[in-house]
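Below is one structure, written out as structure tokens, with a few remarks after it.
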Amino acid sequence: MEPLSHRGLPRLSWIDTLYSNFSYGADDYDAEGNEEQKGPPEGSETMPYIDESPTMSPQLSARSQGGGDSISPTPPEGLAPGVEAGKGLEMRKLVLSGFLASEEIYINQLEALLLPMKPLKATATTSQPVLTIQQIETIFYKIQDIYEIHKEFYDNLCPKVQQWDSQVTMGHLFQKLASQLGVYKAFVDNYKVALETAEKCSQSNNQFQKISEELKVKGPKDSRDSHTSVTMEALLYKPIDRVTRSTLVLHDLLKHTPVDHPDYPLLQDALRISQNFLSSINEDIDPRRTAVTTPKGETRQLVKDGFLVEVSEGSRKLRHVFLFTDVLLCAKLKKTSAGKHQQYDCKWYIPLADLVFPSPEESEASPQVHPFPDHELEDMKMKISALKSEIQKEKANKGQSRAIERLKKKMFENEFLLLLNSPTIPFRIHNRNGKSYLFLLSSDYERSEWREAIQKLQKKDLQAFVLSSVELQVLTGSCFKLRTVHNIPVTSNKDDDESPGLYGFLHVIVHSAKGFKQSANLYCTLEVDSFGYFVSKAKTRVFRDTTEPKWDEEFEIELEGSQSLRILCYEKCYDKTKVNKDNNEIVDKIMGKGQIQLDPQTVETKNWHTDVIEMNGIKVEFSMKFTSRDMSLKRTPSKKQSGVFGVKISVVTKRERSKVPYIVRQCVEEVEKRGIEEVGIYRISGVATDIQALKAVFDANNKDILLMLSDMDINAIAGTLKLYFRELPEPLLTDRLYPAFMEGIALSDPAAKENCMMHLLRSLPDPNLITFLFLLEHLKRVAEKEPVNKMSLHNLATVFGPTLLRPSEVESKAHLTSAADIWSHDVMAQVQVLLYYLQHPPISFAELKRNTLYFSTDV
């Protein structure tokens, strides 16, 4: 038997549909970013996996990757005793009224299905039967029992809803209905056989074909339409659909029932029975993908699907890509009018027998795609973070739902643009009979997954073919029902009760790897998800000619709502004929890849957690620990009198008899000497062990500092400079002036802003000011090489802003409640402050001190 509903988002209950003004799933947004109205899903010909999750809780409906048991959802919390009880009971009546109306329609559908059964039975014993008794019992199995159960339920519930008062009870009716769900188990077990029997009988008997194609269903009592025509196949699907609907309404009822109401425990029990029933049904179902049959009778199954960015005619388009057993199909969601069933529009397809991956040389000849400017991507991230903060404030202040929906809509639009414009890793495919296609991905892990899935299918004996227009229409039509990825991967598609992810710093040590069959030049990369998509964050050095590399390299990775860590192991390619000049075209061979969930309970400890990840027969050992953002705000002064890290900048400059600390001058000099053209300088993490070694040398004032600097990786030197500023007992721009910097950057009038921002610089202690001005000029020189190093002023402000300017621990506790809020509330302003000074004409210390044009009251 095929699996019973759509995986991913469960269907909305009627009450959620009634009150939601805007939906943020992929179903409502087409590939060019236009809103679309969502129509109700139609009954599928094959049975989708029964959705046993509560409404709007995608994380509960998704089954585990390994095909294990589905997660049993927690019953929703009811209203606290006396809390908005009147409003809750009114909502309860609305829920029941809507459910009662749908129950009437369902009973009419069952009646229509039963109507031909009696005359068919009557002819079965004659000399010219339409169907045999056995065929009739197979097709209509348990329909009569289901009808009687629901008719009794409807007759008992209807008067209670029509004569409504706050004391009415009906929990016992739902409890009884749930206790009779066993009859559905028998129906589900027989469903596929019933469909096949009905289809065979239609093909062999014209009389039954006419009956099954036009069954008359009575309209509701208040409806203008007296009857509608429905096929028998569609009506046989209705009980499958209904069993999920009953569970959804129990969630809605519990949500709007006070916990001290007599119905509450009865409804809880009914929900428990229903969920257990759905779980038991789904455990019995073969978890194979629902299949589509080709005209030749071959089985075509969906293997993989997902959202990818395609470059088409020079512009980026979001596509939904479907990989079947013999064909790759690229589609976009059609724009449809309200109430119409949503469909996909096929943009192109390639039979896997004709699909080839171009060589690096062929890829190099392909038109290159210019990446979206980094500063614009950073601006989008800042906007998203600010909108998240506004939404949290509205919720905390119990703001109007319309205002929250407007903010959510804005956030979705910005996240959609970020998702569309951030990917840069090319994934090229070619049809040997014609055109080439280009997708852009944000993760090499994801590119590898698609490539491997296609290559695995291509090992089979595949034949080339051309789909007729009808065949293509049927295949494209099946995509809506078969898809496993329902939503664009953006954070605004998450429910409020889902984990927001981790915000802070993840320290990862990549120790070693085992399991390689022959010696190779090996390295690892680390990816984490951020804003809904994965990005590469760190890379180990290459360990040459070995089967057991021992890297023992530590990295500090900033997390922004992250939930997963990916580790990829590569064999380095030194053959220049295979190296693509495109920076984003990774041609090194992936030896293995793996992913782990960043469980807050596991990683949010002060201690290191060591683990092993297995990938393709390879075992990589690593350790990690996590520091939350609020913890990272704490600056611990150094207990030792000597050294430079964690020591006040005024103490260091006085001891050294210098205006700028020696460590700052030496790191800046080395970066400008040999790192100013390094791609991603200051953004790419240096090896943590190298940084710690440099820290120890500077703290000890070792005479070999200069020699060590000249031999050290430039990213480690850049990382040492960032670490120095981060470990200052207070940030370079001081705790005292932090609120004033926040207010100054928010001023609208340019003259007032200039006056305020210059006065604030003058208010800094001399060592802080001179060091800040020295760093400013250095960062401007780095940005001058942006065409080569890809580091704009905005990128540099994003890296250094939160390090040089941070709220004090007291300040952050007084105003903010969560780590996510700290990030979204402050980082935008911190970046803007530094960017203001970076974009300002050169500022001289002497001129700043004596200039009387800048005037302001004391801060």
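Residue numbers in this text run from 1 along the chain shown.
From the backbone N, Cα and C atoms, a Cβ is placed for every residue, glycine too.
Values in this document were obtained by computation on a predicted structure and should not be read as measured data.
Taken from Swiss-Prot, the feature compositional bias 'Polar residues' covers 54-64.
Per Swiss-Prot, the feature domain 'DH' maps to 91-284.
What Swiss-Prot records for 301-459 is domain 'PH', and it gives sequence analysis as the kind of evidence.
According to Swiss-Prot, the feature domain 'C2' maps to 484-613, an assignment based on sequence analysis.
The domain 'Rho-GAP' annotation in Swiss-Prot covers 647-845.
Annotated region 'Disordered' per Swiss-Prot: 27-84, in sequence order.
Feature annotation from Swiss-Prot assigns site 'Arginine finger' to Arg683; the stated evidence is sequence analysis. Cβ neighbour count for Arg683 (site 'Arginine finger') (all protein chains, 10 Å cutoff from its Cβ): 17. In the three-state DSSP classification, Arg683 (site 'Arginine finger') falls within coil.
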Looking only at the domain 'PH' (301-459), report the model's average pLDDT.
85
The domain 'DH' (91-284) touching the domain 'Rho-GAP' (647-845) per 3+ Cβ pairs under 8 Å rule:
no
So, by DSSP, how many helix, strand and coil residues make up the domain 'C2' (484-613)?
10 helix, 70 strand, 50 coil
